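Database features (TrEMBL):
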type     : residues  : note
TRANSMEM : A:34-55   : transmembrane segment
TRANSMEM : A:75-108  : transmembrane segment
DOMAIN   : A:76-121  : domain 'NADH-Ubiquinone oxidoreductase (complex I) chain 5 N-terminal'
DOMAIN   : A:137-419 : domain 'NADH:quinone oxidoreductase/Mrp antiporter transmembrane'
TRANSMEM : A:143-160 : transmembrane segment
TRANSMEM : A:172-196 : transmembrane segment
TRANSMEM : A:216-241 : transmembrane segment
TRANSMEM : A:253-269 : transmembrane segment
TRANSMEM : A:281-302 : transmembrane segment
TRANSMEM : A:333-357 : transmembrane segment
TRANSMEM : A:378-401 : transmembrane segment
DOMAIN   : A:617-679 : domain 'MrpA C-terminal/MbhD'
TRANSMEM : A:632-652 : transmembrane segment
TRANSMEM : A:697-716 : transmembrane segment
TRANSMEM : A:756-777 : transmembrane segment
Amino acid sequence: MSDLPNHHALLLIALAPFVAALFAPWVNRFAKGISGWILATVPAAIFLVLTTFIGDIAEGQTKSFAISWVDGRYFHFPINLSFFVDGLSLLFALLISGIGTFIVTYSGGYLNGHRHQGRFFSFILMFMGSMLGLVLADNIITLFVFWELTSITSFLLIGFNHNKEASRRAAIQALVVTGGGGLLLLFGLLMIFAVSGHSELSTLLTDQNVLRDSPFYLMILLLVLGGAFTKSAQVPFHFWLPNAMEAPTPVSAYLHSATMVKAGVYLLARMSPVLNGTDQWNLILPIFGGITLMTGAIMALRQTDMKQMLAYTTLGSLGMLVMLLGLSEKVAILAAMLFLVAHSFYKGGLFMVVGAIDHESGTRDLTEVSGLRYKLPFTFIGAALAAISMAGFPVSLGYFAKEEIYLLFGPENIWSMVLVLVALVGNGLMMAAGLAIAIKPFFGEKLETPKSPHEAPLSMIWGPIILGVLGFAAGFYISDVGEIFFAPAATAVYAKLVETHLKLHFDPLLLGLSVGTWIVGGLAFYKLDAIRSFLRRVANVWRWGPDQGFDQFMFGLIRFADAVTRFFHHGRLEFYLILVFVCLAGALFAPLVMQDALPNLPAFPNLRFYEWAILAIAVIGLIAVILAKTRLVAIVSLGIQGFAVAIIFLLFGAPDLGFTQLMVETLSVVILALVMTRLHLDQRDSRVLEEAVRDGAIAIVCGFGFVALLLAVLSVELDTSLSEFFIETSVPIAHGRNIVNVILVDYRALDTLGEISVVMTAGIAILALIGIRVGGIKRGIGAAKKRAPKPRTPKKTIARSKGARA
Amino acid sequence: MEIALSFLIGLFFTVAIYLLLSRSLIRMLLGIAIIGNGVNLLIFTIGRVTREVPPIVPSGEYAPLETIANPLPQALILTAIVIGFSLFAFLLVLTYRAYQELDADNTDTMRVAEPEDSPRPPLSY
Amino acid sequence: MNTVIFRTVAPYLAALMVLFSVFVLLRGHNEPGGGFIGGLIAASAIAIYGIAAGVDEVRKALVFHPIAVAGLGVFLAAIAGFMSLFVEAPFLKGLWLFLELSDGSELALSTPMLFDIGVYLVVVGAISSIALALEEDEETR
């Protein structure tokens, strides 16, 4: 790693969006309408920097950058901020920054004049940075951190309209689902490190069989899949994605079609070299992917909300990608890469088109808009280009993606034949949805819409048009594009050199499958209304789904948390304390009993008479405190035991302690006297006899626990090495003869510094407490003098009205 | 000596815990003061006890001439005494202020922070 | 409690106690004493003076608010710690300067001494401000 030059550009690429996010609100405040164009220069610049890597990456090089944070030499687990670029990362990074450029300008138009547009720019740029960091990450902890950041920024973006409950719910749902998956991923990544010893992806990927040969392979696989499937919304974790359409449309276009949901796909592709090809991988991925594909494709046709339709087709496409990666074959991987890019182009474009229709006409319901082709001609062009690519007509990128998928069709392998047929039906149904969005709003009679429609601003339509054109340009120059972009990406996933040799050709079998797709799509489009009403009837019968399950889970969690809190935080201080002291008694006795270290009854101590006397005084003081019935007796008794302690210190070689204790006891008595004169001590303990016996029993058990602990401790040799060090070095190196003081102000001065800070804090807190009165703070020193004498009427209302027991 | 002190410390803790378990704030305060002394004596005793030889090096010497008391627990206790006093003063004033504002010196009637009929958390987003 | 004798004696007593507290503080490195106990003695002196002469009198005599004195103490203690920056030693390392006086005796200045003075000021400031605040509250009742 270290022998390669550091490419600081990588750090810049990942961090620049975060820096831009910091300034976005100010840019928005001053530049208003054109702030989108200004901020879009950031992703555009990133895109341009990335294009300079293309040549080297296509030749098979990688670029890397690392800052060491936690060094592996000192800590078992090396944690670095490290990035690397290979074909796969580059492809993703180009998509993120390129589409991001369009999205930022689009947001400028879509949310023009919105109160929180600046905040929105901030969020979306932060998301962009997280996503770039994720696809460029080398260290697995770096990967995880950016992975979680995408979840968090996605939460912020989905919940952008936070005054709508549906938005809040969708945001929390996305966070819980993807965050839970992130937790699984973290375990998976840590296990990968534990098994392989690699903390950097770039070295892990060269050590190909280290995970597959491990007995923990299945566990690692399931944990990684847990992360990927939640992020990429595979059934049964799919439900958060359609709900996330509550977000403003730029978010849906960017996060929920082009980038974030592809993070799971990226992870699977990234880990393919070390995880794929096993029976488990080849079984789990295609099954989940296939089910997701069919679910998404069918559910898409049920919707009339165009964003929902697109969300479900996105679901289907993600299923397709997972299915393809699950085949672990060269052709399938290349197909996945092609499909990924084609999908990002047309789905991002379609989302932006739908947003433009919604923005200009005021509705995005398929049945409410019609005949807009003259009103929104450029939007229509964008929609048409995207739909053609989605349907996979030649020579769009979508066509080549589809052809590559159908190349897997072969009679020698039943499994892939079945999957190709699933893909065919799925493609056809998704094509129907795409056609519906490209045709229904634009043709037919013009319907009344909430807003009088007119063409969307340039900032909103150049994205879909350029993406659409690019989709065709890429198809037109497919052999070059294939070698430059798709071959390196597929090579990174397949871990062996992949050559593309893509060109336009007509194989009868492939053509037949394509025609089949178009027939399925055309029929479904033709019968769309009938299919929709049928699907709705079915949906009416089957009401429960994971979406409802999520609510039940969350509310159950809240109820459970409430019950637990109520059980432990019942508000009765005496029971808190009883719990504490019962546990204390257990903690005192349990180790002694378990280690069979209960001390024997010691010999009767041999003391001098004045020592007995001082012990007796302490005992008398203690007992008098318990029995005290007036405050004077209590204060005096407390003083007696305190002075007895001071004398004990003095008698046994601790003059500093003795004097300090004496001073403290004096001051305690003074301030007790100052305060206690205004408080009444209950004449009798308020406890009834049973409570007193219970408390007494706990107290006595604890007391004996301390005696037993002390006797046990005293029976073993004391390690005095530290004390001896202090004794021996106090004069020679610390120039002080009072060893206690030397320890305090020199050896352990940092402790003392903390302790005097505590004393000072207590002083400030007490001043504040005395100064605060209900209904205002006494200002300034001596303000008490000016205050009118307070009538001594107890505020019964406060304590009683809040449900206090009378 | 340590053995006698051990039993004395046990008594300190017993009295302190018994006072802390009463619901009267004043008694609890007394318990706090006593438990502080108990802990200090505990540390003192664990560091072993010697009679009447403070941990001070005689003038002109580089090391003490005879066995001296263990200085380390003394240093720990010295700060503990002062901090314990600060805490005690703080709690005393807190009790006093609570008594003034709530007219309550019994923990059973002090339920402002954790009322008995606190509302259930909302089941929504 | 507030007798004529007490009120008459208290200022002198307090002055003596403060003087004694400084003595205890400065000898603390070699004999029993030190910042904590010295501070407590001085705080007691201020408390006694407050009870005898009234809090306003004490505040006038102190010039500064006692909690500011405590703040100065923490500040000095921290400064004592940062001194070691100049000799590239760890935070709070004790540094010593022995000055030969003209009469042949030796004066030792050190960061631990500065630190101990900081401790003294914190204890004096914090505890006397508590005591004075309570006494003040008492007077206004």
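For all residues, glycine too, the Cβ spot is worked out from N, Cα and C.
Annotations in TrEMBL come from automatic prediction, not curation.
It should be emphasised that the depicted structure is a prediction, and the values quoted were computed from it without experimental measurement.
Here the transmembrane segment (A:253-269) has Cβ contacts under 8 Å with residues 88, 92, 95-96, 99-100, 103, 106, 124, 127, 131, 134-135, 147, 150, 154, 157, 185, 224-225, 227-234, 241, 244-245, 247, 285, 310-311, 314, 318, 321-322, 325, 333, 336, 340, 343-344, 347-348, 351-352, 355, 492-493 of the same chain, all six or more residues outside its ends. Outside the transmembrane segment (A:75-108) by six or more residues, the chain places 1, 7, 10-11, 13-14, 33-37, 39-40, 42-44, 46-47, 50-51, 53-54, 57-58, 62-69, 117, 120-121, 124-125, 128, 131-133, 135-139, 141-142, 193, 199-202, 248, 250, 253-254, 258-259, 262, 266, 269-270, 337, 340-341, 344, 348, 352, 355, 459-460, 462-463, 466-467, 485-493 with a CB less than 8 A from a CB of the stretch.
The list of residues near the transmembrane segment (A:143-160) in space but at least 6 beyond its ends in sequence, with Cβ under 8 angstroms from a Cβ of it, reads 14, 116, 119-120, 123-124, 126-127, 129-131, 133-134, 137, 167-168, 170-172, 174-175, 178-179, 182, 185-186, 189, 201, 227, 231, 244, 246-248, 251, 255, 260, 263, 267. Proximity of distant same-chain residues to the transmembrane segment (A:172-196), defined by a Cβ-Cβ separation under 8 Å and at least 6 residues beyond the stretch ends, is recorded for 77, 140-141, 143-144, 147-148, 151-152, 154-155, 158-159, 204, 207, 210-211, 214, 216, 219-220, 222-224, 226-231, 237, 239-240, 243-244, 267, 274, 550, 554.
Between the transmembrane segment (A:378-401) and the transmembrane segment (A:632-652) there are fewer than 3 Cβ pairs closer than 8 Å, counting only residues 6 or more apart in sequence, so the two stretches are not in contact. Confidence annotation: the domain 'NADH-Ubiquinone oxidoreductase (complex I) chain 5 N-terminal' (A:76-121) carries a mean pLDDT of 92 in the model.
With a threshold of 8 Å between CB atoms, the same-chain residues lying at least 6 positions outside the transmembrane segment (A:333-357) that come near it are 91, 95, 99, 102-103, 106, 110, 249-250, 252-254, 257-259, 262, 265, 269, 272, 306-307, 310, 313-314, 317, 320-321, 324-325, 327, 364, 369, 372, 376, 379, 382-383, 385-387, 389-390, 396-398, 400-402, 404-405, 407-408, 434, 437-438, 441, 453, 456, 460-461, 463-465, 467-468, 470-471, 474, 485-486, 489-490, 493-494, 498, 500.
Summarised by DSSP class, the composition of the domain 'NADH-Ubiquinone oxidoreductase (complex I) chain 5 N-terminal' (A:76-121) is 29 helix, 7 strand, 10 coil.
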